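Among the features that Swiss-Prot reports, Ca(2+) binding site is placed at 197, 200, 202, 205. According to Swiss-Prot, the disulfide bond annotation covers 57-70, 246-269, 294-313, 305-308, 448-468, on the basis of experimental evidence. The annotation domain 'PLAT' is assigned in Swiss-Prot to 344-467. Residues or ranges marked as 3'-nitrotyrosine by Swiss-Prot: 124, 194, 346. What Swiss-Prot lists as region 'Interaction with GPIHBP1' is 35-56, 446-470. The region 'Important for heparin binding' annotation in Swiss-Prot covers 433-437, and the record cites similarity to another entry as its basis.
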């Protein structure tokens with residue numbers, strides 16, 4: 001009899017040891033409604049506005065009381081933040097910044113951070129493969145919230161960075177009903193550039209998918225960020241290849257000043273810029289950055305795409321207009337090197353006239369814009385070619401809002417090297433009018449020379465043009 005009691009006690013201890021899971025929770029409690037949630041390895045921390053940096057309370061799939069214990073707000077929208085690959089096995093510094101910005105913009109919302117750090121810390125190809133399992137974990141969690149608490153998935157916005165963007169896409173493809181929105185923050189390129197839609201972020205994964213591409217430098221499949229469009233709207237700030245303030249010269253300067261401690265930050269500077277651009281859109285609600293639809297970044301650099309007709313422009317970030325085109329819309333914009341990132345875009349068209357036929361290559365100019373609010377002086381630009389009796393279009397941007405344009409100055413910069421021909425006489429062109437279109441306001445302005453024609457001479461004083469009246473201003477904008 002005594003041996004039988006000892007056997008029962010041993011079996012009880014054994015069963016208890018088998019059913020206790022991480023954090024002291026009984027794994028059997030994670031089997032509800034016939035569904036087993038014990039295979040979910042990812043953790044779901046509901047962070048608070050008071051403590052955006054710590055995972056103090058976890059929502060545990062299958063454990064209904066965890067939702068009440070964490071004070072989940074069932075009547076508000078929910079943001080789910082999914083991090084990417086990590087070298088350190090720790091959250092990166094952008095995570096609490098994004099959480100804080102989300103709460104500042106939506107104080108009553110729920111901001112959940114998905115912890116898949118143990119899987120994300122592996123060699124990149126291994127971690128890339130784990131995105132499928134992480135996506136499955138997130139989908140099971142969201143389906144449980146919908147089934148158990150009748151929480152509408154239409155209130156859910158997934159935000160995934162790098163590998164996390166693809167995990168978000170996989171999650172969205174597996175939920176019983178579509179989530180409202182997925183934002184891909186520079187989705188990872190290697191292992192995903194040529195992947196089929198079910199294995200990566202795609203437009204089918206949510207009611208609306210918007211993507212920021214910030215580090216696509218390199219050949220397809222080898223660039224850190226994915227190059228091809230994978231959403232309803234894909235935005236490529238500064239062409240998407242590299243971001244201002246993230247150059248090699250800046251890296252060397254920081255290393256000289258601070259040592260090697262910040263090298264990893266500089267390497268991922270452009271990649272992580274996607275997150276900070278989105279944070280900027282949350283914090284600067286009144287001044288969203290505007291992006292413009294264009295067939296190529298080359299056409300955008302010529303200023304040919306600053307139209308807002310038929311949804312050709314859109315806000316970048318949180319306040320984006322949810323335009324679901326039949327095919328993905330590639331959009332471009334310029335930004336500053338630091339927050340606030342917004343700039344003001346202008347298309348400038350100049351016709352170079354003259355009696356002699358001349359062509360010059362790679363010519364440097366400066367233009368100064370003067371408006372009702374401020375001015376932006378000595379903006380440099382280079383034209384690959386300047387020929388007599390041809391019109392050239394190019395893109396300019398200012399970091400300040402100068403208001404309505406009133407006047408501009410144009411200067412042709414002399415070559416840095418000495419030339420006898422330039423010593424005796426420098427080339428020049430006649431310019432009568434300069435046409436400018438402001439992207440943010442869509443206003444067109446024509447500037448005229450004070451004379452019938454102004455002679456712009458290389459290396460000489462700038463030429464002044466003032467706002468003039470022209471019947472063509474009344475034509476419908478294109």
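Glycine is no exception: its Cβ is also placed from the backbone N, Cα and C atoms.
The structure, with features from Swiss-Prot marked on it.
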{"residue": "70", "record": "disulfide bond", "DSSP class": "coil"}
{"residue": "200", "record": "Ca(2+) binding site", "DSSP class": "coil"}
{"residue": "205", "record": "Ca(2+) binding site", "DSSP class": "helix"}
{"residue": "246", "record": "disulfide bond", "DSSP class": "coil"}
{"residue": "305", "record": "disulfide bond", "DSSP class": "coil"}
{"residue": "313", "record": "disulfide bond", "DSSP class": "strand"}
{"residue": "448", "record": "disulfide bond", "DSSP class": "strand"}
{"residue": "468", "record": "disulfide bond", "DSSP class": "strand"}
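The 10 Å shell around the Cβ of residue 313 (disulfide bond) contains 21 further Cβ atoms across the protein chains shown.
Contact between the region 'Important for heparin binding' (433-437) and the region 'Interaction with GPIHBP1' (446-470) is present: at least three CB pairs lie under 8 Å, with pairs separated by 6 or more positions in sequence. Cβ atoms under 8 Å from those of the region 'Interaction with GPIHBP1' (35-56) belong to residues 21, 27, 62, 70-72, 95-97, 99-100, 103-104, 107, 110-116, 118-119, 133-134, 137-138, 140-141, 144 of the same chain, restricted to positions at least 6 beyond its ends. Looking at 305, 448, the disulfide-bonded residues in this record, the fewest other C-beta atoms within 10 angstroms of the C-beta turn up around 448. Between the CA atoms of residue 200 (Ca(2+) binding site) and residue 294 (disulfide bond) there is a gap of 24 Å.
Distances between the Cα of residue 246 (disulfide bond) and those of the recorded positions 197, 346, 448, 468 are shortest for 346. Between the disulfide-bonded residues 246, 294, 308, the minimum number of other C-beta atoms within 10 Å of a residue's C-beta occurs at 308. For residue 294 (disulfide bond), the recorded positions whose C-alpha atoms fall inside a 10 Å radius of its own C-alpha are 305, out of 194, 205, 305, 346.
Taking the Cβ of residue 202 (Ca(2+) binding site) as reference, residues of its chain lying under 8 Å away and at least six apart in sequence are, in sequence order, 169, 173, 209, 230, 231. Those residues of the chain, other than 197, 200, 202, 205, with a C-beta within 8 angstroms of the mean position of the Ca(2+) site C-beta atoms are 166, 169, 170, 173, 198, 199, 201, 203, 204, 230. Assigned with DSSP, the residues of the region 'Important for heparin binding' (433-437) fall into helix, strand and coil as follows: 0 helix, 5 strand, 0 coil. Rounded to a whole number, the C-alpha distance linking residue 308 (disulfide bond) with residue 448 (disulfide bond) is 26 angstrom. Close to residue 70 (disulfide bond) in the fold, though at least 6 residues off in sequence, lie 46, 57, 58, 59, each with a CB less than 8 Å from its CB. Comparing the Cα of residue 197 (Ca(2+) binding site) with the Cα of every entry in 124, 305, 313, these being the recorded positions, the smallest distance points to 124. Relative to residue 305 (disulfide bond), the recorded positions with Cα atoms inside 10 Å are 313, the candidates having been 194, 205, 269, 313, 448.
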